[in-house]
Amino acid sequence: MHAPQPGLSEHCQPLAEPGVLTTGLAALLVVGILVSYLPQHAKIIKRRTSEGLSPWWVLLGGLSSIAAIGNILTIPTSRADMACCNELSEGQCFAALLGVLQIGVQWTCFIIMLFLIFFQQASPEVEDLSSSTASLTRSDPVNRRDPVIVGSLIFVSLFIVAVVSIILVFKYPDHTQFWADVLGTIAGVLAAIQYVPQIYYTHVLKDLKSLSIMTLGIQAPGAFVFALSLGLRVGWQGWSTWLVYIVTGVLQFILLGMGISFYWRRRQEKKRAAAADAERRRAEAEEDFGAVIGGHVNRRVSSANVRQVDGVDEAAEAEADERTALLHNKAQVRLRYENHNAN
């Protein structure tokens with residue numbers, strides 16, 4: 001146990017000696033959360049559509065992130081940790097606020113993704129389906145008005161949480177713990193069920209579309225690391241805090257398995273299609289080669305027949321000329337004989 005450091009309040013004493021393992025895991029998670037969202041952002045930008053992302057998944061994820069950031073900013077212990085930065089060094093303050101930074105980075109990345117979904121133009125082949133709120137439950141490709149509905153609900157929720165939190169922190173600070181508990185419960189429940197509609201949506205589409213398999217590949221194991229990080233902080237008594245992330249990790253692995261399965265299936269289909277196309281091209285080439293060879297043979301036969309016919313005609317003409325010459329000679333002999341008798 002570390003000796004108390006002079007000049008620090010009782011609450012700030014443990015924060016002055018952060019654990020190496022706990023701090024390392026927390027810092028790794030901050031970087032991992034940031035990196036994990038980059039492939040998803042890039043894929044939405046590249047495809048210029050959010051097709052493949054369940055509107056319910058986006059909505060639940062957005063609401064969960066808002067509740068989580070509201071919880072971490074209003075809970076009294078978290079606000080006390082932030083106040084300790086006035087007594088701690090910069091490095092100690094950074095280590096103490098890594099938990100807040102984790103939630104803040106996750107919320108920021110999700111809001112950026114929502115911004116991309118909201119402002120990216122839909123691809124030309126995407127049809128404008130129903131404009132009602134009920135369209136959120138459709139398994140059809142996302143239409144242009146779904147992001148508007150989802151974005152509106154999320155920003156209204158963000159406004160409500162922000163206003164209530166500010167009022168409680170500055171006017172009724174004794175009630176912030178209850179408000180933080182409510183937000184924490186909402187965030188946990190929504191995070192636990194967030195991937196259920198996305199799993200169903202992906203199962204119906206049989207394709208990931210704009211959902212990034214790289215993001216899932218990072219976040220699925222990262223959820224268990226996140227649960228471990230929280231477990232080291234709160235212990236078994238705080239099981240309700242880290243159990244949520246274990247459930248989330250399991251659902252993410254299910255979705256990741258589906259994505260890998262669909263990717264492998266499409267790859268095999270492309271290979272079979274390429275093999276069939278190559279076989280078709282080979283058959284066409286053989287057919288064309290046979291036609292060329294057949295045409296050449298036919299031309300040779302035709303030439304031989306022509307030469308044969310020409311030979312017969314020449315022989316007939318020679319025989320006719322010979323007969324004509326004989327008849328002419330006979331006529332001349334007869335004419336001479338008649339002239340001789342006349343004399």
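Keep in mind that glycine also has a Cβ here, set from the backbone N, Cα and C atoms.
What TrEMBL records for 20-40 (among others) is transmembrane segment.
Below 8 angstroms of C-beta separation, residues 99-100, 103-104, 106-107, 110-111, 113-114, 117, 135-137, 141-142, 146-147, 149-150, 153-154, 157-158, 161-162, 165, 168-169, 176, 179-180, 183-184, 186-187, 190-191, 193-195, 197-198, 200-202, 205, 207-211 of the same chain, each at least six residues beyond the ends of the transmembrane segment (52-74), sit close to that stretch. Annotation source TrEMBL lists transmembrane segment at 52-74 (among others).
For 94-119 (among others), the entry in TrEMBL reads transmembrane segment.
As annotated by TrEMBL, transmembrane segment applies to 148-170 (among others).
Per TrEMBL, the feature transmembrane segment maps to 182-201 (among others).
The transmembrane segment feature in TrEMBL is assigned to 213-236 (among others).
If you look up TrEMBL, you'll see 242-264 (among others) marked as transmembrane segment. Sequence-distant neighbours of the transmembrane segment (242-264) (same chain, 6+ residues past either end, Cβ-Cβ under 8 Å): 188-189, 191-192, 194-196, 198-199, 202-203, 206-208, 211, 213, 216-217, 219-224, 226-228, 230-231, 234.
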Against which stretches of its own chain does the transmembrane segment (148-170) lie, if we need a Cβ under 8 Å and a gap of at least six residues from its ends?
55, 58-59, 62-63, 66-67, 70, 73-74, 79, 114, 117-118, 133, 135-136, 176, 179, 183
